[in-house]
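Peer 1: Here it is, the structure, as structure tokens.
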Amino acid sequence: LSQSLFALFASSLAISLVFAIIPLCHNVVVLAVVMAVAGLAMGCIDTISNMQLVKIYQKDSAIFLQALHFFVGFGALLSPLIADPFLSDTNCILSNSTANASSNLPHIRKSLLPHHPGNLSHYDLPMKGMVVTRVSYAFWIMALINLPVPIAVFFLLYKERMVPCLPSSSHPLLSADELAMETRRVEKEEPLSAGQRAQAAPGHDDFFSCCQSKNFRGAPYTYFAVHITGALVLFMTDGIVGEYSGFIYSYAVEEPLSVVHKVAGYLPSLFWGFITLGRLISIPVSYRMKPATMVFINVVGVLVTFLLLLIFSHSVVFLFVGTASLGLFLSSTFPSMLAYTEDILQYRGCATTVLVTGAGIGEMVLQLLVGSIIHDQGSYSFLVCGMIFGGLAFTFYAFLLFFHRMYPKPSSDLDDASPDKPPAVDATGQYQR
């Protein structure tokens with residue numbers, strides 16, 4: 001936990017520093033390095049926050065994961081609203097061609113989507129002249145808004161007595177959570193001591209335990225198959241989020257729909273708005289519904305929505321309806337898949353890293369792939385690609401269900417009251433053959 005909290009503190013602080021430095025970068029190489037640092041920091045935060053929620057709350061983690069990803073979607077929806085007042089209404093570089101180029105700005109502003117800028121290469125803008133823009137203020141405001149995060153993490157480190165040079169005299173904050181988890185055990189079971197918990201969950205105190213090959217000795221092939229198929233499902237679904245939010249505007253303004261730019265600009269906002277709404281709805285739903293059921297509904301809903309979008313490809317109204325529906329179905333896929341996979345693997349935490357990495361790669365690769373296909377084949381291929389990715393996500397999920405049935409069940413002496421005990425792992429942390 002201390003390693004995770006220190007990593008969260010360093011990563012969240014790095015993001016504030018990066019946002020403060022970005023407006024001062026006058027060289028593209030320096031800007032690329034700074035953005036790479038921001039990407040590393042965000043990847044650490046994404047992985048560690050998911051992994052620690054799984055480890056701390058285990059069978060109850062689905063609710064907390066849904067809440068976590070609701071705030072991810074809420075931030076993606078809110079951040080463009082913070083930046084919008086500082087975007088120039090005229091061209092930010094004054095030159096002789098400014099008057100002609102300024103008419104393109106409304107279209108460009110509608111293409112600046114959360115996380116995924118659209119294709120701006122066909123807009124003519126001057127590249128030389130006097131710079132007049134206030135967009136730097138947006139970066140500095142975001143840097144200030146983010147500052148409470150590293151401060152809060154450092155406060156948690158201090159309260160948990162994990163800062164060597166600043167010993168705390170107060171009681172740890174997590175004692176209440178640990179007590180609540182202990183009292184939920186069945187009455188016939190005696191509460192485990194800290195030493196017993198460490199033996200029951202070998203390697204959990206080591207942040208890099210998932211990378212140690214000795215922990216994989218004797219592991220059944222289904223152990224690796226669950227990791228791979230779960231990551232492939234998220235590769236497809238998160239890739240769909242990236243490619244849909246990145247290209248729905250470009251698809252809408254081109255033939256056959258030819259939606260006016262102002263109306264098409266609402267589509268990405270509608271998509272992210274319903275992703276956020278879906279994650280909010282999923283918080284109470286995940287309390288009643290199993291993660292496996294939620295993932296099944298999500299992947300089937302995505303597949304059916306793309307099929308209907310293809311059938312009604314000439315309907316502007318259904319494009320808006322389908323965008324909202326797709327946002328709802330994609331909203332809870334990531335946290336539900338995370339909770340389901342960790343439930344199969346008895347909350348060892350290792351699957352979280354694999355799934356987060358698979359989702360991130362999918363979001364990057366599928367955008368590049370779809371952008372190239374749209375450039376060569378036309379806008380209609382945008383929906384065809386989505387249909388193919390949705391079908392692959394459903395196929396990989398079917399394989400995951402199959403490998404779940406094949407995966408070794410916990411021993412009879414390990415009941416549901418002790419979910420932190422691996423089903424087929426001995427005291428050394430290795431799988432029993």
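Every residue, even glycine, has its Cβ placed from backbone N, Cα and C.
TrEMBL annotations: computationally assigned, not manually curated.
From a predicted model like this one, the values you see are computed outputs, not experimental measurements.
Okay, so TrEMBL annotates it like this:
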type: TRANSMEM; residues: 30-49; note: transmembrane segment
type: TRANSMEM; residues: 61-82; note: transmembrane segment
type: TRANSMEM; residues: 137-158; note: transmembrane segment
type: TRANSMEM; residues: 223-251; note: transmembrane segment
type: TRANSMEM; residues: 263-281; note: transmembrane segment
type: TRANSMEM; residues: 293-312; note: transmembrane segment
type: TRANSMEM; residues: 318-340; note: transmembrane segment
type: TRANSMEM; residues: 352-374; note: transmembrane segment
type: TRANSMEM; residues: 380-403; note: transmembrane segment
type: REGION; residues: 411-433; note: region 'Disordered'
Peer 1: Counting only residues 6+ away from its ends, which parts of the chain sit with a Cβ under 8 Å from the transmembrane segment (352-374)?
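Peer 2: Residues packing against the transmembrane segment (352-374) from afar: 43, 46-47, 50-51, 54, 116, 119, 210, 227-228, 230-232, 234-243, 246-247, 250-251, 334, 337-338, 341-342, 381-382, 385, 389.
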Peer 1: Under a criterion of three or more Cβ pairs within a distance under 8 Å and sequence separation of at least 6, are the transmembrane segment (61-82) and the transmembrane segment (263-281) in contact?
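Peer 2: The answer is yes, given that the two segments have at least 3 Cβ pairs within the 8 Å cut-off.
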Peer 1: Residues sitting near the transmembrane segment (137-158): Cβ under 8 Å, six or more positions beyond its termini, same chain?
Peer 2: 2, 5-6, 8-9, 12-13, 15-20, 22-23, 79, 82-83, 86-87, 166, 168, 173
Peer 1: State the residues, same chain only, that lie 6 or more residues beyond the ends of the transmembrane segment (380-403) and have a CB under 8 A from a CB inside it; answer 'none' if no residue qualifies.
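Peer 2: Those are 222, 225-226, 229-230, 232-233, 236-237, 239-240, 243-244, 247-248, 250-251, 292, 295-296, 299-300, 302-303, 305-307, 309-310, 313, 341, 366, 369-370, 373-374, in sequence order.
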